[in-house]
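Feature annotations, courtesy of Swiss-Prot:
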REGION    1-83  region 'Domain I, interacts with DnaA modulators'
REGION    83-124  region 'Domain II'
REGION    125-343  region 'Domain III, AAA+ region'
BINDING   171, 173, 174, 175  ATP binding site
REGION    344-463  region 'Domain IV, binds dsDNA'
């Protein structure tokens, strides 16, 4: 906990002391990895009517703690002070509270001697953006994150996760975690020798060593390290000579209790054109899958990135990005950067409409942008009514029901507000749209045929 801050306020000193005990208990119970991920930046704000108010750094962290740990935190508070009846977690400081920040000592890169940095370091191959502090943790990457932290924090000893094998699709955070391991070790254990390298570069260096008759030097370089991290191991599939050298390097390091971290786009068992003896060894330690992102994780990543960049983005834009850019984290962050850059260069305000226009090509490559007009045309055609009936006030069932379905689909498939949807349907107000959506939802509970019909319409529109 030496790297954390304790936040004090000018009110409720007794509760401040209790919070310091609770924080220590959370650290002791969950360990450093989980503590740093979720609790280290949660601050005590104040107490009011036997309610303790805590402040989380982002909405994502707040919601995660509420869903996973709120009861544990409350019980710990009550253990020290039974007058506490509830806790509240917010994301903004309350007016009238002044905070005193007590900084506890923390080691930074500036504290590391220049000779330490210059002696066979890997800083030139590590991306400064990829640290544990700015890696957003969620259900899809929890295991991989915890395992990577354990490797980094092993303080010279080999972790139980040896080798650590991280696998998953492109842009989901595998490389980020490997860089974070490198930064952490070099910051906290600078005497340890670490090499991070792509499998492609490993192969090219091996080929160069063969050509220049420097194989012995090559072997000494890679077999004398404390931690060897090889990214995208799938690259050596089908390359027999490189596989042979990797196999012997792997064995030497593992036999000498040195740590290996390997990433891949698939699990060891799914690798083709690679020797079985290598495949089996890759699964010796911990195999951690980095899953595709969830909406909640994408929201957390965006909030974290926006906080780092110190910019203001409207909530509807953040929700839109989290909903529409679903392929990987790299593309999500790229989309956010593009929106911010466009605003900076054109001096235009960031709005949902501007965002949709800026990202039109990217969104089209992921999924076509569905408009209310698209929905109206498709539903009108499906039910054999005139397109003009969508904006009319006709109450005949054969017209009103398709119109209600179109409103329901407009809410489900577009980011438009109820008021905006209403305007597209003959300037109807938002309560009319709300009634239509509620009516369709009620019908869907029991009408299997309608449910299938709407599912079919959704597929047609999305494809």
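Any Cβ shown, glycine's included, is placed from N, Cα and C.
Just so you know, of the binding-site residues 171, 173, the Cβ with the fewest other Cβ atoms around it within 10 Å is the one at 171. For residue 175 (ATP binding site), the same-chain residues 6+ apart in sequence whose C-beta sits under 8 angstroms from its C-beta are 130, 231, 263. Mean per-residue pLDDT, taken over the region 'Domain I, interacts with DnaA modulators' (1-83), amounts to 75. Mapped onto three states, the DSSP output places residue 174 (ATP binding site) in helix. As a summary of secondary structure, the region 'Domain IV, binds dsDNA' (344-463) carries 89 helix, 0 strand, 31 coil according to DSSP. Summary of the ATP site environment: with the site residues 171, 173, 174, 175 set aside, the chain residues having Cβ atoms within 8 Å of the Cβ mean position are 168, 170, 172, 176, 177, 263, 290, 328, 329, 330. Taking the Cβ of residue 174 (ATP binding site) as centre and 10 Å as the limit, one finds 25 other Cβ atoms among all the protein chains shown.
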